[in-house]
Amino acid sequence: QGGGSAVIDMENMDDTSGSSFEDMGEMHQRMKEEEEEEEGEAGAAEEEDGEFLGMKGLRGQLGRQVADQMWQVGKRQASRAFSLYANIDILRPYFDVEPVQVRARLLESMIPVKMINFPQKIAGELYGPLMLVFTLVAILLHGMKTSDTIIREGTLMGTAIGTCFGYWLGVSSFIYFLAYLCNAQITMVQMLSLLGYGLFGHCITLFITYNIHFHSLFYIFWLVVGGLSTLRMVAVLVSRTVGHTQRLILCGTLAALHMLFLLYLHFAYHKVVEGILDTLEGPNMPPFQRVARDIPVVSNVVLNTTAKAVALPL
């Protein structure tokens, strides 16, 4: 050693200072095992992902099927609802009536029946009342044209339809509500039918008085014809209402509205001024006219004589 020998003592070497082939083999084996474990875990994860995607796809298909079924059910219900409102068969029972029955009910609407022990029968149909309302519209339109009525907003036809249908539907609804408060046994369809047939007296009165301009004749028809149709409705309501106070409120309201409506239709669309003049002066009296008076012609001889007589004293 002292002479600088290059001999290395292998026994004194630390085993940890370097790596051997055994260590490399063990490391390679360990790395291989770790890669296999990672591959196994990756395969298991892929299998789990596949199962998850399969379940997710199945759930998506079920969701789409449920949504399609709900859409179809909603579509069928909507189409059924639209067909329900658009189907004319629903209104057929209210308009399935013979002309003979309508004629009989028109005559019955002018004949009041005193029968209070049990409710009187009311026709549950709307064909006759609807035709009477349209007839009243035509008569009112005729009265507007003959009286030279000027409508600032709208047309004559729209005003006539709005007036007649507004009264029929509005008063029927109001009387039905009042009948509900007074415990009267009547339905809305029966109320519409009762008030609609009650307009038959109005049609007769207005048709005659719009063509014959006598106010005395109108008042006669108003009391007789309009009064009979009103008494008919009052008698029906009295038979279907229990209690004197309830009968008085319900029947008094209906009678007042029905009779005042006839007065309104007569005086609102009628030649009021001409009717008053015909009543005061008489139908055969000619109208007053201004006539120029005849001035007698004075001869020239008389004028000359008068002038000379005046000039002589001067």
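Even glycines carry a Cβ here, placed using N, Cα and C.
According to TrEMBL, the compositional bias 'Acidic residues' annotation covers 34-50.
Annotation source TrEMBL lists region 'Disordered' at 1-50.
Residues annotated as transmembrane segment in TrEMBL: 126-144 (among others). Only residues 6 or more beyond the boundaries of the transmembrane segment (126-144), in the same chain, are considered here, and those with a CB under 8 A from a CB of the stretch are 94-95, 97, 102, 105-106, 156-157, 159-161, 163-165, 168, 189, 192-193, 195-197, 199-200, 202-203, 206-207, 210, 265, 269-270.
Sequence-distant contacts of the transmembrane segment (156-182), counting only residues of its own chain at least 6 positions beyond either end whose CB sits under 8 Å from a CB of the stretch, comprise 129, 133, 136-137, 140-141, 144-145, 149, 188, 191-192, 195-196, 199, 237, 240-241, 243, 246-247, 249-250, 253-254, 257-258, 261, 265. Look at TrEMBL and you will find 156-182 (among others) tagged as transmembrane segment.
What TrEMBL lists as transmembrane segment is 194-213 (among others).
The transmembrane segment annotation in TrEMBL covers 219-239 (among others).
The annotation transmembrane segment is assigned in TrEMBL to 248-269 (among others).
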Review point. Can you name the far-off residues of the same chain, 6+ from the ends of the transmembrane segment (248-269), with a Cβ under 8 Å from a Cβ of it?
Key: 140, 143-144, 147, 149, 163, 167, 171, 175, 178-179, 182, 184, 195, 198, 201-202, 205-206, 209, 218, 222, 226-227, 229-230, 233-234, 237-238, 241
